[in-house]
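> Below is a structure I'd like to ask you about.
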Amino acid sequence: MAKHSHDHTHDHHDRPRRVRKPGEPLRIGVGGPVGSGKTALVAAICRQLRDELSLAVLTNDIYTTEDADFLRKHAVLPDSRITAVQTGGCPHTAIRDDITANLDAIDDLIAAHDALDLILVESGGDNLTATFSSGLVDVQIFVIDVAGGDKVPRKGGPGVTFSDLLVVNKTDLAPLVGADLKVMARDAEAVRDGRPTVLQSLTEDPAATKVLDWVRSQLAAAG
């Protein structure tokens, strides 16, 4: 991957939120445990916004490019607008502790595509503690699903507690796993200090309407 000079630093620790310059794309991180539905959500956002905005996607996997390959296979964006970072270690390291590879990949996307409006940065699957460096993304979505039971929001963790949007995914499976969606919504509200939570099923709502509304609100606020 090409290397570039940056006017931002490559910290090994989180720093205050980056300041977006005029014309820079909004960067939204999408994180969450393995199998929670991150890639499917990214695909849904791309399908809904690709005709009205200039988009790109950056995925993170440990040893493969599987998530990027999935997005290309399903043609959610042109291939050149989807790229991957192979982290080679703990997934959270590349999105939080040493974000150099992700910053380089973002620079490559910006250089290849004029006037990008939005870059979605998907993390590799990790646990409830994984969050993005504020030097990498402007806002972040954290995706959990009902398969782990309705106790997951109650367990908290930085992703659940501090993400800008929490998504409780695969709600259509709740009856099959005995998860109480009202309990999940209540517990999420209790730990999130007013930050929004969305309960959704991409099976029932393939457009991810509530998440899409939130993404559009972030784009509008970014100007």
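Cβ coordinates are placed from backbone N, Cα and C, and glycine is handled just like the others.
Quantities reported herein were computed from a predicted structural model and do not represent experimental measurements.
According to Swiss-Prot, the feature region 'Disordered' maps to 1-31. The GTP binding site annotation in Swiss-Prot covers GLY32, PRO33, VAL34, GLY35, SER36, GLY37, LYS38, THR39.
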> Quick check: in three-state DSSP terms, what is SER36 (GTP binding site)?
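In three-state terms, SER36 (GTP binding site) counts as coil.
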> Relative to the Cβ of LYS38 (GTP binding site), which residues of the same chain, six or more apart in sequence, are found under 8 Å away?
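Correct list: VAL30, GLY31, GLY32, ASP67, GLU122, SER123, GLY125, VAL143.
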> Look at each of the binding-site residues, GLY32, PRO33, GLY35, GLY37, and point out the one with the fewest other Cβ atoms around it within 10 Å.
GLY35
> Given the recorded GTP site (GLY32, PRO33, VAL34, GLY35, SER36, GLY37, LYS38, THR39), which additional residues of the same chain have their Cβ within 8 Å of the Cβ centre, ordered by sequence?
GLY125, VAL143, ASP145, ASN169
